[in-house]
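Participant: I have a structure here, written as structure tokens, and I will follow up with some questions on it.
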Amino acid sequence: MEKQDAEAPVEVRKLSTQDISEEVAEAIAIEHTLTFWEAVKLYPKAIGWSVYFSLGVIMLSFDPQLLGNLYAMPAFQKDFGYYFEDGYIISAPWQTGLSMGNPIGQVVGALAAGIPMELYGRKKTFNVCVIMVTGLVFIQFFARSLKVLLAGELLAGLVLGAFVVIAPAYASEVTPLAMRSVSTSYVNLCFVTGQLLGNGVTAATKELESHWAYSIPFALQWFWVLIILPGMYFAPESPWWLARQGRLADAEDSLRRLSSRHVNVKAILAQIIETDKLETEMEAGSKYLDVFRKVNWRRTEIAIGVYATQVLCGIYLINYGTYFFSLAGLNTQQAYNMGIGFLAVGWVSTIFSWFLMQRFGRRVLYNSGLTLLMLIMFLVGILDVVPTKGAIWAQSALLLVWNFTFDWSVGPVAYAIFCEVSATRVRSKTIAVATAVQAIVGIIMTVAIPYLINPDQANLKGKLGFFFGGLSLPCLVWCWFRVPEMKGRTYEELDIMFERRVRTREFKRYVI
């Protein structure tokens, strides 16, 4: 493999068709033979910057998890709720309104992010969003009424929604094929990390009787801003975006900054140019309207489907985990401990998924995981209908297993799938559309769950298992017929396979 001098000036030479073909062939051959650990050695900086851009997702997931836990916090209930039976609660309408900030933000923020990401790049869009979040957290921190808190949640949600588009798009464009599943599914680990921290912080402050019980958790969102700010200037831009802008010298420089000196960046750049040329010839387009055109629709449908299934199979119940456990009969301390253990298991499971994806790919992992999630939800519902001794702890244990299963299957694999399935020219917009649709489904759940779970409303408790188990069944049928195996395929190969309309179950063994 050609060695590059790290100090050599960037020079983009004009390539003949034969030169391009040879360099593309070299890049593709290396992509297919490169192992995961070899990729780690060759692209350590790409890993680091991918992790850096994903930090915004921790803030995104921290916020709704925080709210779900605050509903079970005595100080928050007393300051913002009303007296009911033997304690204070937040009314279902206000729970719905407050929890709307995050999913509404994902709809608007995700769709809005797709435009500046293409006009100004991933780096500038990310930096502006971080600075905006810094200011908007002040509203949440100083809120002393539900109306002010609602305004803070909605405004912050609009900006936080952009991070879930920026992070996977950037990760999929800076890391090689061998690392693609890990770098994209790392976004799921950030979601779990944010949720885990939300549980841990509120568990630590729940005994405080003053407003600091909930003000401290809100203030900790600035911690991530302080970590992100120093790297803003130094972060490299996506080489795929630079190449599409015709800035080939900058794209080559970005590739050098993302890889070690042993990587032939000219061959990789040639591959990027060739893939972009192929998609231009396919008329894949680069606007939001192009996402829904016939040439891209199958790919868009898959991206939307796998992401929306995360919500439909029951993940939004996790945001209410602590509250669910307290209503199910556990005391406050037990409920918080269960919530933390819940997400700690999910964190470990996400890392476990990286090894599973390297071994089994995407389709098998996603479908088998979804099948288990459906069965577990039905069991949770059955335990609520047929009272048995220790049913509360049995349901809690089953939900723990559910969360572990979700985080090695449907959770992380969805990010790998929707990054791989989209054409590179419309990747940010495909991710944005999938995120927006998932968030709309999330809004429906945000409205429904407080009314389904609250003791002054439907009070379903564990019977929610029947609800989410029933929703999982049609999702599983759809996934079986529509989600292909994309493990080990370059973006150019996937373009060709979708253009040739290869059948779902033929993707794995299809020869180009």
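Glycine is no exception: its Cβ is also placed from the backbone N, Cα and C atoms.
Reproduced below are the annotations present in TrEMBL:
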DOMAIN    49-487  domain 'Major facilitator superfamily (MFS) profile'
TRANSMEM  125-143  transmembrane segment
TRANSMEM  149-171  transmembrane segment
TRANSMEM  183-205  transmembrane segment
TRANSMEM  211-235  transmembrane segment
TRANSMEM  302-323  transmembrane segment
TRANSMEM  335-357  transmembrane segment
TRANSMEM  364-386  transmembrane segment
TRANSMEM  392-418  transmembrane segment
TRANSMEM  430-452  transmembrane segment
TRANSMEM  464-481  transmembrane segment
Participant: Could you please provide the mean pLDDT value for the domain 'Major facilitator superfamily (MFS) profile' (49-487)?
Facilitator: 87
Participant: Does the transmembrane segment (430-452) come near the transmembrane segment (211-235), with 3+ Cβ pairs under 8 Å (pairs 6 or more apart)?
Facilitator: no
Participant: Check the transmembrane segment (211-235) against the transmembrane segment (392-418) for contact, please; criterion is three or more CB pairs under 8 Å, pairs 6 or more apart in sequence.
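Facilitator: No, the transmembrane segment (211-235) and the transmembrane segment (392-418) are not in contact.
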Participant: Please work out which recorded stretch in 125-143, 183-205, 364-386, 392-418 has the most C-beta pairs separated by under 8 angstroms from the transmembrane segment (335-357)?
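Facilitator: The listed stretch sharing the most Cβ pairs with the transmembrane segment (335-357) is 392-418.
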